[in-house]
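Worksheet: one structure, shown below.
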Amino acid sequence: MASVQLQNVTKAWGEVVVSKDINLDIHEGEFVVFVGPSGCGKSTLLRMIAGLETITSGDLFIGEKRMNDTPPAERGVGMVFQSYALYPHLSVAENMSFGLKLAGAKKEVINQRVNQVAEVLQLAHLLDRKPKALSGGQRQRVAIGRTLVAEPSVFLLDEPLSNLDAALRVQMRIEISRLHKRLGRTMIYVTHDQVEAMTLADKIVVLDAGRVAQVGKPLELYHYPADRFVAGFIGSPKMNFLPVKVTSTAIDQVQVELPMPNRQQVWLPVESRDVQVGANMSLGIRPEHLLPSDIADVILEGEVQVVEQLGNETQIHIQIPSIRQNLVYRQNDVVLVEEGATFAIGLPPERCHLFREDGTACRRLHKEPGV
């Protein structure tokens with residue numbers, strides 16, 4: 001195992017900066033996930049750690065050693081790519097041992113490591129098969145096993161589940177989580193799927209246009225996003241946003257006016273520092289935190305546009321006339337409502353988020369479980 005540290009790391013191609021002043025501390029044995037939309041720089045960051053991309057400025061340390069100029073093979077890292085990249089003419093055992101053979105490892109060492117890793121990955125009964133005889137999930141396990149037998153200090157995974165169908169992704173997600181718990185290796189995992197990030201990570205790094213938007217534990221990012229980008233990216237369905245105007249402030253409270261015909265006002269338990277009366281801000285509320293209207297004091301009303309029945313839950317898209325945008329309301333179980341009907345939902349102030357015009361969040365003061 002080894003720690004990974006990035007100090008003011010920047011990557012640029014000519015005038016185009018793809019990673020800017022990245023500062024990260026990844027501790028020994030942590031499972032860290034880089035997550036963000038396409039083009040945010042997450043794979044480039046992983047490739048700089050692996051040595052497949054040069055660092056324009058800043059420093060990379062693996063353990064205590066500065067690695068900027070160290071060749072990839074000498075960094076003690078192993079990488080699994082989105083593509084399995086298996087040799088079709090070689091067996092599972094031969095694919096897994098290929099790197100060790102090139103490195104000149106002894107046959108006894110190779111056999112021992114391959115057999116140990118095959119047991120961990122439940123591949124022992126498949127060692128003599130060729131890749132064409134394997135399922136997608138089995139091929140990905142072979143690709144992971146090929147990296148594991150090299151015993152890297154840091155394990156890098158670049159969107160390894162993207163080529164799998166939905167059921168296999170869930171299965172492999174569980175297997176990767178179990179693998180990390182069993183081996184205790186430092187793992188850095190890249191994905192655009194925030195569900196993978198939330199379920200796998202000890203720590204999530206959210207990237208936006210080459211910058212680190214926020215670093216934290218999954219529930220911390222979910223309940224206390226640092227800005228509007230993180231709030232909208234983490235969580236599915238995404239957070240609802242309403243334009244509001246500040247009408248008053250107090251210690252640890254901000255009063256805002258909702259965009260409704262009755263100009264209803266509500267006090268939000270958020271940090272009021274630097275919040276000015278009259279400021280235009282955004283109120284955020286997650287679909288699952290909205291309430292049935294009969295148990296709430298603050299009511300929003302609109303017309304049902306779309307009803308998505310998922311069996312275990314219902315997602316209702318409601319158009320609020322005064323803001324000409326849809327809110328998504330999510331409730332467990334089946335909710336029977338017709339499209340075109342008028343529907344009212346409740347807004348719990350303690351579950352609301354408030355964002356300044358520059359997108360930064362006013363710190364929520366409501367204590368959430370698990371954080």
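Glycine is treated like the rest: Cβ placed from N, Cα and C.
Since this is a predicted model, take the numbers as computed values, not measurements.
The domain 'ABC transporter' annotation in Swiss-Prot covers 4-234.
Feature annotation from Swiss-Prot assigns ATP binding site to Gly36, Pro37, Ser38, Gly39, Cys40, Gly41, Lys42, Ser43; the stated evidence is sequence analysis. Listed in sequence order, His192, Asp208, Phe233 are the same-chain residues at least 6 apart in sequence whose CB falls under 8 Å from the CB of Pro37 (ATP binding site).
Averaged across the domain 'ABC transporter' (4-234), pLDDT for the predicted model comes to 93.
When Cβ atoms from all protein chains are considered, those within 10 Å of Ser43 (ATP binding site) total 23, not counting its own. One way to see the shell of the ATP site is to take the Cβ centroid of Gly36, Pro37, Ser38, Gly39, Cys40, Gly41, Lys42, Ser43; the remaining same-chain residues with a Cβ within 8 Å of it are His192, Leu207.
Here the binding-site residues are Gly36, Gly39, Gly41; the one with the fewest Cβ atoms within 10 Å of its Cβ is Gly39. Within 10 Å of the C-beta of Ser38 (ATP binding site) we count 7 further C-beta atoms, all protein chains included.
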